Amino acid sequence: MRLHFCSLLLLYCIVFVSSFLTTDALACLPDQIQALIQFKNEFESDGCNRSDYLNGVQCDNTTGAVTKLQLPSGCFTGTLKPNSSLFELHQLRYLNLSHNNFTSSSLPSEFSNLTRLEVLSLASSSFTGQVPSSISNLILLTHLNLSHNELTGSFPPVRNLTKLSFLDLSYNQFSGAIPFDLLPTLPFLSYLDLKKNHLTGSIDVPNSSSSSKLVRLSLGFNQFEGKIIEPISKLINLNHLELASLNISHPIDLRVFAPLKSLLVFDIRQNRLLPASLSSDSEFPLSLISLILIQCDIIEFPNIFKTLQNLEHIDISNNLIKGKVPEWFWKLPRLSIANLVNNSLTGFEGSSEVLLNSSVQLLDFAYNSMTGAFPTPPLGSIYLSAWNNSFTGNIPLSICNRSSLIVLDLSYNKFTGPIPQCLSNLKVVNLRKNSLEGSIPDEFHSGAKTQTLDVGYNRLTGKLPKSLLNCSSLRFLSVDNNRIEDTFPFWLKALPNLHVLTLRSNRFFGHLSPPDRGPLAFPELRILELSDNSFTGSLPPNFFVNWKASSPKINEDGRIYMGDYKNAYYIYEDTMDLQYKGLFMEQGKVLTFYSTIDFSGNKLEGQIPESIGLLKELIALNLSNNAFTGHIPMSLANVTELESLDLSRNQLSGNIPRELGSLSFLAYISVAHNQLKGEIPQGPQFSGQAESSFEGNVGLCGLPLQGSCVAPPTKYPKEEDEEEEEDEVIEWKAVFFGYWPGLLLGLVMAHVIASFKPKWFVKILGPAKGKQVDPVRLFMNLDSRWDSFNNKDTVEEEVI
């Protein structure tokens with residue numbers, strides 16, 4: 001009966017799992033399915049559902065054995081142990097565990113059990129330690145990828161892997177020399193990537209290397225010495241060669257690479273080059289389509305480009321090139337990407353239309369010394385960046401005719417005149433820090449593609465254009481440091497993707513609270529900069545309710561920085577000026593999880609809303625230079641990520657909440673020039689602050705202020721108790737000796753009067769009507785009336 005039950009349970013499990021299997025996985029035997037489930041259960045896999053996991057499973061239709069396993073990226077977290085059920089899948093031919101988090105895991109030697117493996121990819125999976133020697137048993141491997149881990153030790157033992165065609169060991173910490181017989185023992189090797197390690201020594205390439213199948217070689221960012229360049233020049237089948245930052249003491253003569261007739265991509269950045277090898281008569285592979293010469297100490301524009309008519313991509317950024325860009329450069333027939341950033345170029349040879357007929361699509365000549373009018377951009381422009389130059393005059397209207405243009409960055413120049421009224425087709429418009437005038441064009445049509453609009457630090461006037469509501473993809477809007485006069489744009493909260501809104505240093509006015517006194521409730525806003533305007537009024541208690549972006553989350557598109565628009569050949573990242581920890585600074589890159597609010601320099605009043613405590617991911621809060629009153633909200637203690645807090649120059653009262661000491665990331669706090677009192681809380685968050693952070697509060701005391709909190713002198717508790725007891729004894733003695741004799745005399749008199757009943761007595765109390773009079777009650781009655789009589793006299797005296 002027990003055996004029958006177990007069989008039914010196993011059958012149920014198989015049927016249940018099979019319901020999630022793909023067509024390729026349906027052929028799997030029960031024991032293989034069980035091993036797969038056990039393997040999954042060895043790790044935390046909350047971000048991985050069963051169907052995602054099993055989609056990467058493939059079994060042989062004949063044997064039912066698992067032959068392919070490809071885990072989804074970011075699916076597993078945990079340690080890959082030697083006894084893992086993974087190593088029971090002996091028929092595996094393809095195994096890809098890349099982009100998972102196998103924390104604290106070394107590479108188990110049990111990988112050698114999988115002797116049928118042909119493809120093994122463990123890239124970006126947090127593996128550490130040395131590569132086990134047993135990996136040399138995987139003699140059928142054709143593809144081995146161990147890149148982007150923290151593997152150490154000498155070069156892995158791969159000599160026996162004679163079928164290898166792909167070997168990627170980049171971005172690790174391997175040290176020592178490359179085996180001198182590596183290439184002869186791996187005759188099929190076509191892809192070898194060793195960059196970003198600690199490899200040393202020279203490179204030995206045998207004379208027979210002309211028959212080598214190696215077509216892609218990356219050796220950059222290591223610590224080689226001795227012979228490197230000459231041996232590589234023997235690998236005549238190379239089409240992709242990367243030799244960045246080789247740490248060679250002498251300049252490299254590019255003419256050495258002339259034998260590489262098939263070379264297409266050559267990256268030799270961060271090396272010193274022999275100037276003569278950059279001349280137009282130098283022999284160089286004419287097949288080149290991409291040449292990367294970043295940071296090579298080049299001082300003159302390389303004439304070698306004249307002969308390289310197949311070039312599509314040129315990068316000579318971060319050099320020392322002076323003078324003008326020659327006119328012939330724009331006539332290279334296939335040139336589509338030109339990066340001239342960070343040189344000392346002063347302009348362009350030829351007319352202002354020298355670029356017009358160029359084939360260039362991505363053009364970046366930012367951070368140079370170019371002056372004069374801006375040239376007419378190429379007809380096929382996609383990306384155009386000229387920030388940080390000294391161009392003058394108007395922005396050319398020819399930009400409006402560039403239908404392919406996506407990114408336009410002309411910031412940090414000296415442009416004047418109006419903003420062209422044709423920018424809604426662009427994803428990125430950055431015109432920051434020029435001298436542009438007029439208003440922001442109200443020409444953003446329905447379906448506008450704009451994601452970033454930065455026109456800060458100009459001389460713009462008018463109001464914010466309501467047509468911005470058509471920019472449903474707008475993420476970043478900055479109009480800071482202009483002369484815009486308008487009320488707060490509550491209507492912008494209809495934009496579902498707005499992350500950054502910067503209105504600082506304009507002439508905005510009116511209330512910040514919505515007309516219905518409800519929460520502001522921007523759905524995705526993370527940075528709100530409203531400082532140095534004329535906003536007035538108070539903020540309702542629920543002002544910060546429903547700010548969804550204050551909660552931690554991972555970007556679905558994988559972006560790290562705001563405005564991080566990436567292409568294979570360019571990156572654009574939004575920049576902004578932020579006041580942080582008391583300092584005003586420009587942030588060249590702003591992380592997507594960064595969250596800050598700055599309302600400083602306005603005329604806001606009333607209490608700071610307690611709902612501020614709901615913004616748990618807020619990093620910086622600046623409410624200084626306003627007229628806020630009341631206490632510092634205790635709910636600020638819930639803002640656990642807070643690093644910078646500035647509440648200075650308001651009218652806040654009460655004590656500084658001790659709960660703020662629980663904010664472990666709080667590095668800067670200023671409450672200067674308020675009406676606070678009491679002792680400054682002691683703790684690491686407060687003790688490290690400057691005295692100026694608390695000055696201007698008459699009632700505050702304690703470190704870091706000079707004066708300590710001194711209480712009035714008090715007596716010792718024992719003496720106080722003894723004196724209190726003595727006073728109580730004296731008081732009771734006075735009561736006893738003063739009250740009881742009088743009471744006794746009163747009782748005697750009452751007894752006498754009650755016995756004889758004189759006429760005056762009867763007039764006061766009235767006839768007894770045959771009742772016996774109680775002497776005590778009689779005395780109390782007389783005493784009460786006597787008090788009434790005395791009180792009457794007192795009232796009369798007051799009237800007089």
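Using N, Cα and C of the backbone, Cβ positions are placed for all residues, glycine too.
Fair warning: this is a prediction, and the values are worked out from it, not measured in the lab.
The N-linked glycosylation site annotation in Swiss-Prot covers ASN49, ASN61, ASN96, ASN113, ASN145, ASN160, ASN247, ASN342, ASN401, ASN470, ASN622, ASN638 (among others). The annotation repeat 'LRR 3' is assigned in Swiss-Prot to 139-161 on the grounds of sequence analysis. The repeat 'LRR 6' annotation in Swiss-Prot covers 214-235 and rests on sequence analysis. Positions annotated as repeat 'LRR 8' by Swiss-Prot: 260-281. Annotation comment: Swiss-Prot describes 285-307 as repeat 'LRR 9'. Swiss-Prot lists 358-381 with the feature repeat 'LRR 12'. Positions annotated as repeat 'LRR 19' by Swiss-Prot, on the basis of sequence analysis: 522-546. Residues annotated as repeat 'LRR 20' in Swiss-Prot, with sequence analysis given as evidence: 591-615.
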- Message: Mean pLDDT for the repeat 'LRR 12' (358-381), rounded to an integer?
- Response: 96
- Looking at the glycosylation sites ASN61, ASN247, ASN342, ASN470, ASN638, the one with the fewest other Cβ atoms inside 10 Å is ASN61
- Message: For the C-alpha pair, I'd like the distance in angstrom between ASN113 (N-linked glycosylation site) and ASN145 (N-linked glycosylation site), rounded off.
- Response: 18
- Name the secondary structure element type, per DSSP in three states, that contains ASN160 (N-linked glycosylation site). coil
- Message: If you count other CB atoms within 10 A of each CB, which of ASN113, ASN145, ASN622 wins among these glycosylation sites?
- Response: ASN622
- Message: Show me the subset of ASN160, ASN247, ASN401, ASN470, ASN622 whose Cα is within 10 Å of ASN96 (N-linked glycosylation site); these are the glycosylation sites I mean.
- Response: none
- Query: By DSSP, what is the split of the repeat 'LRR 8' (260-281) into helix, strand and coil residues?
  - Reply: 4 helix, 4 strand, 14 coil
- In whole Å, note down how far the CA of ASN247 (N-linked glycosylation site) lies from the CA of ASN160 (N-linked glycosylation site). 31
- Message: When you rank ASN61, ASN247, ASN470, ASN622 by Cα distance to ASN638 (N-linked glycosylation site), which of the glycosylation sites ends up on top as the closest?
- Response: ASN622
- Minimal Cβ count within 10 Å, across the glycosylation sites ASN96, ASN160, ASN401, points to ASN401
